[in-house]
């Protein structure tokens, strides 16, 4: 194929091996068990292509800070899955925005102002009436608050990790949480759009978000992007900023294919609030995300 002209035989063979692995039970897990980060690297990047060498260098750099890696299931929710898993696994309290009394009223309040939200699409439930969708999204938001609260109250790190693993093995609950995150992103986008239109200061990424031909306003963003996340596409770069703002978390990403450039470690947003917690992800291509775990002792000290 045309794409294969730019890849050598080793890279094509590696991709075939990964496709075969998708049939293994481990890969079907939402978050696979941890393994040594350099062992994972050696298994995945055996060739001597420039790309493989760059990846190995990138993994070596990550291994200076983290001992292990956990592989994230590779569907179009993987950015949500990696970010939320990391946030919950280190949560010690309920974020302020989750404590708000109005939090679960978001679907009803937004629908009262924006009729076009009736065309929101739930996962595998296209065409449902907005009255039903509003109630379902409210349930998802309640579930998000409940799970975050329960996990944040667990003191022991081992018990907290077990609770996270259990949650991400419950497919129904897991995907419900992603629907909640998508709706929070829409709410954040509406707030940023309105702030800019009224002359208030907004982060630079907000200009970029609404500068796209496909998302010049929140309605288009919903139709052309948010409605497709998890169905036919994942999160684009500018939407990683939006996710970070919606969660009020800094998402730090090791972008391995950018090793030895200024973009190797990218922050979403790049000017985060000082009190925002930080979660760390790894990507080889800005499409699929895994998570590093077990921070090295020297780093912690």
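For all residues, glycine too, the Cβ spot is worked out from N, Cα and C.
Now, the feature entries from TrEMBL:
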type	residues	note
ACT_SITE	75	active site
ACT_SITE	78	active site, nucleophile
SITE	263	site 'Linear diubiquitin binding'
ACT_SITE	288	active site
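Within 10 Å of residue 288 (active site), counting C-alpha to C-alpha distances, fall the following of the recorded positions 75, 78, 263: 75, 78. Within the same chain, residues at least six positions away from residue 78 (active site, nucleophile) with a Cβ under 8 Å of its Cβ are 72, 234, 288, 289.
If you take the Cα of residue 263 (site 'Linear diubiquitin binding') and the Cα of residue 75 (active site), they are about 25 angstrom apart, rounded to a whole number. Sequence-distant contacts (6 or more apart, same chain, Cβ under 8 Å) of residue 75 (active site) comprise 230.
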